[in-house]
Amino acid sequence: MLNKSIMDGDNPDLTEERMKGAFDTDKMAAVIYGSEKFAIRRREITESISRIPQLADSKPFSFMTREEKISESCRKLSVLSEHWNQLIDTNNEEEALHLYREVLGLEGHAFSLHETMFIPSLVAQANDEQQEKWLGRAKRREIIGCYAQTEMGHGTNLRALETTATYYPSTQEFILHTPTETALKWWPGALGKSSNYAVVVADLVIRDTHYGAHPFMVQLRDEKTHNPLPGITVGDIGPKMAFNGADNGFLGFNQYKLPRDHMLMRHSRVEENGTYTKPPHAKIGYSSMVKVRSRMAMDQGLFMVSALVIAVRYSAVRRQGFLDDKSREVKVLDYQTQQHRLFPSIARAYAFIFCGFETIQLYDQLLIDVKNGDTSGMSDLHALTSGLKSVVTHQTGEGIEQARMACGGHGYSMASYISEIYGVAIGGCTYEGENMVMLLQLARYLVKSVELVKTGKSKELGPMMNYLAEPDTQIDLTSGPEAYVKVFQHAARRQVWKATDKFHQLMESGQSRDIAWNNSAVELTRASRLHTRLYIMETFIRRVSSISDVSIKKVLIDLVNVHVNYEVLDIGTYALEHVSSTQLDSIRSQLYSSLDTLRPNAVSLIDSFQISDMQLRSVLGRRDGHVYTNLFEWAKASPLNQTHVLPSVNQYLKPMMDKAKL
Ligand SMILES: CCCCCCCC/C=C\CCCCCC(=O)SCCNC(=O)CCNC(=O)[C@H](O)C(C)(C)COP(=O)(O)OP(=O)(O)OC[C@H]1O[C@@H](n2cnc3c(N)ncnc32)[C@H](O)[C@@H]1OP(=O)(O)O
Ligand SMILES: Cc1cc2nc3c(=O)[nH]c(=O)nc-3n(C[C@H](O)[C@H](O)[C@H](O)COP(=O)(O)OP(=O)(O)OC[C@H]3O[C@@H](n4cnc5c(N)ncnc54)[C@H](O)[C@@H]3O)c2cc1C
C-alpha cells in the first residue's frame, strides 16, 4: 500500500485517490520532516496521544467561547504534564512542537511563547550562572514565561522603546519603569493571564546614558498566589482576529526593583559599579527574533499545508457539475481552475518547509558560532530570514484564502476551520517584524551588495549574492528548472540594481539618505521579494535533486515543474525583460500540463504531511472523507440548536410579530 492513509470504510472517492498515488507516503513524510527517524517519532507521538482520551477536545472548538478555549488548553496542559516524558524526548524541540500542535492546535495557549521565545532568549542571552538559575526551571515548566518587547506606541522601531531599566550602583538594582501610557508593553503572547515570568526588553540607562534595548528576566507574579507583584500592572489585551486561545497581554512597571543579575548578561554586562560592557555585535540582543524568523518558513508552510489538506481532500469528495461523463458529476478536483488554485500552493508549501529546515539549521549553527565569539554570520542570516518571513507569510495568506474559496460555501463555515488557520497564519505578516519593514531590512543588504559589485569588491559578496555580479545571458527555457532559476536571477538582479540606482540617484540629486531611501522604498521591497523568491526556488530544486528514491523524486520533480512555471508566470511583468511573450505562452501551456501530471498524486502529496484529524479540527478535511454526515452532526452540536425556541425569539421577535398581527 503506497498511501498509508487507506482504511476500510473511508469515503470511496478518497480511497480511489489514495490508490492512484504513485509513491509511499511514509517515505515522503521522511523527506518532508528531514529524516525517517523523526517522521516515525511524529507518528508514534500522535498514536500515543490518541490513547489518552483526556487529551481530546471536550467539544468542537469552534463552539467554544474565548474563556472556554483558554480553560480547555490549560486543562490539556495539566494532563500533558503527567505524560511529558513518556510522550516525547523533552530536549527535542521539534518533538515538543509536534506535541503542542497535535494536542493544542493553533489557537494559542499558556505556553505559546514559553518554548518559542522565552526559553530561546535564556539560551541565547543568559550567561552560564543565569542559565543555571532559570533554564532548568523553565524547561521543567516550574515557571511560565513570555517575551515582552512590543509597546503600545512602538513595535517596529526598537530604538524608540520607552520602558526604562535604570541602574543604581548604590543598591545594585535596576528600576524598571513605564513612563507613559504608550510605554505599556502590549501584545506579548501568554503575558496577560498565564505567565509568571517574562523576558522584558527595556532601554538600559546608566547615569543618564541610554544604551538602548536590552533583555531582563523579570518575575511578574507571585509563584504561590499567581497575583501580580507590587509595582506590576498586567492583563489581557482583549479578543483578536484569531489566536484567541492565547492571552496576549499588557504590562506596566511602577518603579519596579530588579536585582543587577537579572539583566541577561551573556553578551553585554553591567558591573556592580555601573560599568557597561557592550556586546560583540550591536544587534546580538535581537537574536530571539532571528530565532523565530528562522522557523517561520517551516511554521507557515505547515499552516498552509493544513488548509490544503482540508481543501484537497474535500475537493476529492465534493462532486459538482459534469465533464465528459454525463452520468455522474465530477470531483471538483478535476477542474483545471481548482487545480490551478491549489497545486501551486502545495508546491510552495513543500518549498517553504525545505527552506525552513535550512534556516533552522543556519540559526542553530549561528548560535554555536556566537557562543564561540564569531558573530560574522549574523548579518547574512538576518537579511535572509527578514526577506523569507515576509514572503512566506504573505504567500501563505494568499494560499490559505484560495484554499478556503476552493471549498465553496462550506469553506466559509467554521466547520472547515480554514478561517481560523488563516487568522493565525496571517498574524505572521505582522509579528516578528512587519513585512514591509523586514523587506526593507533585506534591501539594505542588497543595496550594500550592489555597492560592493560597483566598487570592484565582488569577492566580498555574502552567500547567495554572486548572481548580482553576473552578466545577463541567453536563457534556453527547454533546459529544465535551472533555466527558470536563470529567469529569476535576471529579474531579481535587474530589480535590485534598478532600486539601488534609484536610491543613489535621489541622493545625488540632493535628497538626504533617509528621504532617498523612503522615495525608493517600493522598488526596494520589490527587489527583496524577487531575491527571496529566487532563494526559495533554488532551495526547492537543490533539495529535490538530492533525493535518491526514484518514485519520490519523480513526483517532487512534477511539483517543482508546477512551481517554476507558476512562479515565472507570476512575475511575468519582471520576466518580460528577459522572456518573450511567446515564451510566456509556452510556459503557460507547460503549467497546465504539469497540473495534469500532478493530479493523480494530489491527495497523497498532502496526506504525506500526516496531520491528524485532532490537529486539523476540520469537518471538511477529515481523513476518512465522510464530510456530509459529520457536517450535519457538527451543526446539530451548535449551542443555538440546543433549544427549539431561543429566549431572544420569545423576548423580541414573537412580541413584534404578534403586535404586527393586531
Ligand atoms: C507552537 C507551534 C509554533 C508555530 C507557530 C505558532 C504561531 C505562533 C503565534 C504567535 C507567536 C508570535 C511570536 C511573535 C513574537 C514577536 O512579535 S516579538 C516582537 C518582534 N518585534 C520585531 O520583530 C521588531 C522589528 N524591529 C526590529 O527588528 C528592528 O527594530 C529593526 C531590525 C527593524 C531595526 O533595528 P535598528 O536597531 O533600528 O537597526 P537599523 O538601524 O535598522 O539597522 C542597523 C544595522 O543592524 C542590522 N541589523 C538589524 N537587526 C539585526 C539582527 N537581528 N541581526 C543582525 N543585524 C541586524 C541592520 O541590517 C543594519 O545593518 P547595516 O547598517 O549593515 O545595513
Ligand atoms: C499575533 C501577534 C503576536 C505578537 N506577539 C508578540 C510577543 O509575543 N511579544 C512582543 O513583544 N510582541 C508581539 N507582537 C507584536 C509585534 O511584534 C508587532 O506588532 C510588530 O513587530 C509590528 O510592529 P507595530 O505593531 O509597531 O507596527 P507598526 O510599525 O506600527 O506598523 C504600522 C505600519 O507602519 C509601517 N511602518 C512602520 N515603520 C516603518 C518603516 N520604518 N518603514 C516603512 N514602513 C514602516 C508598517 O509597514 C505598517 O504598514 C505580536 C503581534 C501579533 C499580531
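Just so you know, glycine gets a Cβ as well, placed from its N, Cα and C.
On a predicted model such as this, the values are computed, not experimentally measured, just so you know.
Annotation comment: TrEMBL describes GLU432 as active site, proton acceptor. The FAD binding site annotation in TrEMBL covers THR150, GLY189. Residues or ranges marked as domain 'Acyl-coenzyme A oxidase N-terminal' by TrEMBL: 24-144. Annotation source TrEMBL lists domain 'Acyl-CoA oxidase C-alpha1' at 286-447. Look at TrEMBL and you will find 481-657 tagged as domain 'Acyl-CoA oxidase C-terminal'.
Projection of TrEMBL feature records onto the structure.
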residue : record                       : DSSP class
THR150  : FAD binding site             : coil
GLY189  : FAD binding site             : coil
GLU432  : active site, proton acceptor : coil
Tally of residues which DSSP labels helix, strand or coil - the domain 'Acyl-coenzyme A oxidase N-terminal' (24-144): 87 helix, 0 strand, 34 coil
Pairwise CA distance, the residue listed as 'active site, proton acceptor' versus THR150 (FAD binding site), rounded so that it is a whole Å: 10
Neighbouring C-beta atoms (10 Å sphere around the C-beta of GLY189 (FAD binding site)): 27
Fewest-neighbour residue among recorded positions, criterion Cβ within 10 Å, set THR150, GLU432: THR150
